[in-house]
Amino acid sequence: MADGARVWRVYRKEADAYDNALLEGWSETLDVLLIFAGLFSAVATAFVIESYQFLQPDNTAYAAAALYILVAATNNSTGLTLPAPPDLGFKSSASRWINGLWFTSILLALTVAFLTILVKQWITEYRARNRASAKSPRAWARRREVYSKALERWPVAEVVSFLPFLLHLSLFLFFAGIVVFLWALDQSTGIWIFVLGISLAVFYLGCTLIP
């Protein structure tokens with residue numbers, strides 16, 4: 001078949017239409033994910049700035065302990081009974097859970113942003129190579145087939161489909177951290193937020209599995 005045969009021009013037209021529809025759909029999804037991941041990371045970071053301090057030593061407790069020692073030393077001769085010294089343990093299980101969940105959530109959101117940028121670079125490179133000039137329609141068709149197979153070998157479609165799930169997981173981990181945080185402050189509020197979270201999780205599973 002000749003290099004300039006009509007079938008190659010028809011193939012290019014159909015292939016361009018298919019690629020444009022596929023890549024535009026991916027690009028729109030990736031744009032939404034990138035914006036949301038950025039906004040979510042900013043919000044989550046504001047919480048982490050406060051929560052990481054729970055893992056640091058309580059300076060007030062240390063000052064109270066030092067004062068206790070001084071008072072105890074001055075009252076040894078008087079026989080007075082002093083209360084128990086303040087607890088210097090500052091890393092509670094709740095603070096570990098809160099920071100673990102929130103830091104993991106931020107890490108996942110940043111991973112989504114990184115992979116989104118990477119996939120968008122793949123899409124841009126694929127488009128640029130397919131739009132480059134070729135010596136004949138047949139040569140363009142062969143080149144496009146090579147790039148298309150390469151795009152399939154790199155699981156771009158699977159990555160684009162997996163990124164929303166990864167971002168959803170990040171959101172649920174952050175929500176779980178909020179539940180633990182509120183539970184430690186006020187159990188009633190924590191229970192209410194926990195019930196709302198379970199309801200949201202059930203709704204999410206229903207929307208995911210029903211289709």
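In case you wondered, yes, glycine gets a Cβ from its N, Cα and C as well.
What TrEMBL says about this protein:
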DOMAIN    8-184  domain 'DUF6535'
TRANSMEM  32-49  transmembrane segment
TRANSMEM  61-80  transmembrane segment
TRANSMEM  100-119  transmembrane segment
TRANSMEM  159-185  transmembrane segment
TRANSMEM  191-210  transmembrane segment
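For the transmembrane segment (159-185), the residues of the chain that approach it from at least six positions outside its boundaries are 26, 29-30, 33, 36-37, 40, 44, 47, 51, 92, 94, 97-99, 101-102, 104-106, 108-109, 111-112, 115-116, 119, 191, 193-194, 197, 200-201, 204, judged by C-beta separation under 8 angstroms. Note on the domain 'DUF6535' (8-184): its mean pLDDT in the predicted model is 82.
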